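First comes the structure, then the notes that go with it.
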């Protein structure tokens, strides 16, 4: 019994020290993540050896060359899905990751390859982006700078040099793609379901009106058709419709690498955002996007000449029908194609658009099989569906342009995109019957409250989970006070402010917190610890200083090295005599944070 009590006491002591993670226990990034390279005639293969207790982000693995644009779209080994409330679903790797970079064009001269990658320790500390350089000869072999043997071709090689220069800081939308909006084989089922539901939503817009008489003629063409035969004919018609969309999806997938390169340029991104706005306005009925009447009439005449009731004829009708309604559904289709283009995968692109077309075809199959009486009656709700797509397109436009717009303008735009539809629902809902009125009031109320809260928090420099999801973070203004203390991005300004505070009150220490946008534990600390009332009661937030090292500049790296950190988060108590506490690493709850502060103040 005494032994059991002793063991339990030791366990409690260990738990009490859990928040005091020792920085010496962490590996430097060059040991936590070791890239190894193999060069072939058709590209470069990279293998990362990852230490136990660490993981890497797929989306942060980027390859660039000098001269530029030698590499095509990379392909990755299968990773693990990690759901994060701040960054969404992420693909991560433990133990090992493999990446293949194909050559985008013939390579005949030596070039430099720079790999940028990033990972975290399971203990809660994230490393800044690391750059590793390789000098590669143009004949498909690795050019050694050390004592590497000449027979380096077709085997994994150690890097020639590593540095943490931060020359390639993690952009908000880097080449790895935003994993919250990523179509991949790992998330295939969820993505296909989303495309199917989007197609189902499109089917309830006025775009589908021209197809209704065509579907009716399919069944009429076979006078002896029962419901089973009508069902088969309707399905064949939808397959023809789907074929056209599938081909478009394949093209989008094949041109994905080119699309990715273009979307790295600011003017292209802003032009795409403007196009989304124009397409959204068409969904609001300000103008119509459609084929010229003469072209529409030609296609309709061609389809009417085909005899209904025959499988081949019905299939061709479906193909022609896609050309009739294509311009009408162009706005949401443009967004879908941009989404698919990130994959560079023709099969995935074709599957996605095929599923979208199937969703669009469900009501058409129902009409062909059972007749139009089984579908809801046309009315204002169909316009509501179009308006919903319009607001979604406007939100996409803002999301694309976010890196190139001022923070407070983006907050204002997102707020309007919630408040305007809320007001429309509440005003128009008054004219509806009981059930539609209840739905309109419920949705309108949620959007109104959510939009007001989102705007208020954003205007005051505070963040919510939605701000994090949209990658919206208040700009770090030197010395600006917030619920997280005084924020700095410039290290010189930070040191000057800390020195002033310590000279004014030498008997009171200050707290220094290292933060970065790409650090999950930093987000958790901001959302669940540093904003708690009990923390503000225990800690003078006027003496709480936060340095934002998101940009990972040489000055940021020097400060991290000065404090013995590989990356954020890390919190220190700094005293006027120059001494400082051991760092608080990783995420801890408010009570543990206060306990640590009281022990080190």
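Note: Cβ is positioned from N, Cα and C throughout, glycine not excepted.
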Which range of 141-161, 162-182, 267-287, 288-308 is transmembrane segment, per Swiss-Prot:
267-287
Which one of these stretches, 218-238, 407-427, 470-490, 491-511, shows up in Swiss-Prot as transmembrane segment?
407-427
Of the ranges 311-331, 521-541, 542-562, which one does Swiss-Prot list as transmembrane segment?
311-331
Hey, in Swiss-Prot are residue 368 and residue 434 both on the same membrane side?
yes
Of 108-128, 381-401, which span is tagged transmembrane segment by Swiss-Prot?
381-401
Quick test of your reading of Swiss-Prot: among 192-212, 570-590, where does it put transmembrane segment?
192-212
Are there residues at least six beyond either end of the transmembrane segment (439-459) with Cβ under 8 Å to its Cβ atoms? List them, or say none.
408, 411-412, 414-419, 421-426, 428-429, 432, 466-467, 472, 474
Inter-residue C-alpha distance, residue 126 (disulfide bond) and residue 519 (disulfide bond) (nearest angstrom):
6
With helix taken as DSSP H, G or I, strand as E or B and everything else coil, how many residues of the domain 'Thioredoxin' (467-601) land in each class?
55 helix, 26 strand, 54 coil
Count the other Cβ atoms sitting within 10 Å of the Cβ of residue 126 (disulfide bond), across every protein chain shown.
20
Does anything in the same chain, at least 6 positions from residue 120 (disulfide bond), have a Cβ under 8 Å from its Cβ, and if so what?
54, 55, 57, 126, 127, 519, 520, 521
If H, G and I count as helix, E and B as strand, and all else as coil, what does DSSP give for residue 120 (disulfide bond)?
strand
